[in-house]
Amino acid sequence: MSSHSFNQSFLSITLTQGSTDSLHKSGIATVLHIEEKQIAEELNPGERARILRKLDWHLLPFVSLLYMLSFLDRANVGNAKVAGMSKDLNLVGLRYNIAAAVFFILYSFAEVPSNIALKLFRPSRWIPIIMLAWGLVMTLMCLVDSFRSLVVARMFLGLTEAGLFPGVTYYISLWYPRSEQSKRIAIFFSAATVAGAFGGLLAYGIEHLEGIGGLHGWQWIFLLEGNATLFVACLSFFFMHDYPETAKFLTETERAYVIDMLKQDANDLATHYHIRFVLQAMKDYKTYIQVFIYMGLLVPVYAIALFTPTIINELGYSTTHAQLLSAPPFLAGCFATILVGVYSDKYQIRGPFIIGGACVSIVGYILLYCDGSAGMSYTGACLAAIGVYPTIAVDLAWAGSNAGGDLKRGVVIAMVIGLGNLGGICSSFVYIDPPNFHIGHGTIMGFLCLSISLSLFAMWDYSRLNKKKEAQCQAEGLIDSRKNEFRDMGDASPLFRYAI
């Protein structure tokens, strides 16, 4: 279809003036009403794919860069430890573990308020502000000179970073229909695996600045990576887009199609702020099932990020080689994350991919647990990353797509990520028995089994609820034309269907 004929297919668009919550206090705006039947008939799959690609190019590269910097800044403490921080700050006993763990305390509890703030304010203002805050904390971490100051700095880093990951995950759900979210979240989350790989290579190079300016190599890691975050934070004020309704890179016809696509996907569920939608999320048992699935997956993710250089170092490799060899597992995890995200969207299933990835990761941890050769253990580390990293994006797409209504979805995503991140405290304390780390590897396998079990239950429960709703619709003659009657019910609407 040519661009001209595509534009002609929208001649029946009518404009009415009114207020719209999705513009978030930007005043009176134009509301686009499009006849759904005409769109379905006139827009071919090629044009739909073109519009989605246009969204991808304008949204995903930049938010992926933001998350890469976020993950780099929270996990670089592992590289700094290997680079000499442990000796310089006298991190004996469990001191390093405590410094790693305190990050997650304020991080976990600040995520729900942050996502509510994102709904009330503009993403192009809220996200850059929190970036500036954590970039400043990261930069100043180069001045820590004791265990106590490191703990305080890590706590503030957790507080300031809290809003980015749940915020961008929620942000993606405001641009894409549920069937297209997994691969986008996978691309976005793959930045974490790139950060893990890049962090090791970067730390290897920065270590050579030892002594310059009176700073140790590990202090230069904090300083330079913090400055990079501050630089990108300033750019993000100009490069972030708020919502489809205000996106300048979309034509009027493209904007109309995206708005209608999202409206149909959401079954016309509420998009405005009201405390009832926050309570819907907090009282829903399905939210907590997703929290514990996510926690079971996130414990190994953080363990890999925080301890991979240490584990490789304990296999007999030098500090320098440990930094370099920490990169391949993350790169393999990056490739697997994107691949699984694409196929999860293609087949429109979530749970089986989470279970499959967790099983692959368990095989990797079995190899690590068995104390074989350094080569076999390193292969286990790669399999552990390949298996578990893809499950994070799929699970967040699963949790978000099964929460009906904009605000409930935002709160559910924040609760899943926030409460799930409490598992990071566990990740910080399980690797306490070098060089074999049997306690750590065994604990990680237990958490992966928890995610597998709960994923099986969630699949059964979502299927049960879908059958119940289908029976209700048939018995009461409920059809899509009546969806406005259930606007405030969220995913409890009889017309809403859960992803499996």
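Including glycine, each Cβ sits where the backbone N, Cα and C put it.
Keep in mind that this is a model prediction, so the values were computed, not measured.
Taken verbatim from TrEMBL:
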DOMAIN    59-500  domain 'Major facilitator superfamily (MFS) profile'
TRANSMEM  92-114  transmembrane segment
TRANSMEM  126-147  transmembrane segment
TRANSMEM  185-206  transmembrane segment
TRANSMEM  218-240  transmembrane segment
TRANSMEM  291-312  transmembrane segment
TRANSMEM  324-344  transmembrane segment
TRANSMEM  351-369  transmembrane segment
TRANSMEM  375-398  transmembrane segment
TRANSMEM  410-432  transmembrane segment
TRANSMEM  438-460  transmembrane segment
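Between the transmembrane segment (324-344) and the transmembrane segment (375-398), the number of CB pairs under 8 angstroms, six or more residues apart, is three or more, so the stretches are in contact. Just going by CB pairs under 8 A, the stretch in 92-114, 351-369, 375-398, 438-460 that sits most against the transmembrane segment (410-432) is 92-114. The transmembrane segment (438-460) shares more Cβ pairs under 8 Å with 351-369 than with any other stretch in the list 126-147, 185-206, 218-240, 351-369, 375-398. Non-local neighbours of the transmembrane segment (126-147) in the same chain are 66, 69-70, 73, 89-91, 95, 99, 114, 117-118, 153, 156-157, 160-164, 167-168, 171, 215, 219-220, 222-223, 225-227, 229-230, 232-234, 236-237, 240; each lies 6+ residues outside the stretch with a CB under 8 Å from one of its CB atoms. Relative to the transmembrane segment (351-369), the listed stretch 375-398 leads the set 92-114, 185-206, 218-240, 291-312, 375-398 in CB pairs under 8 A.
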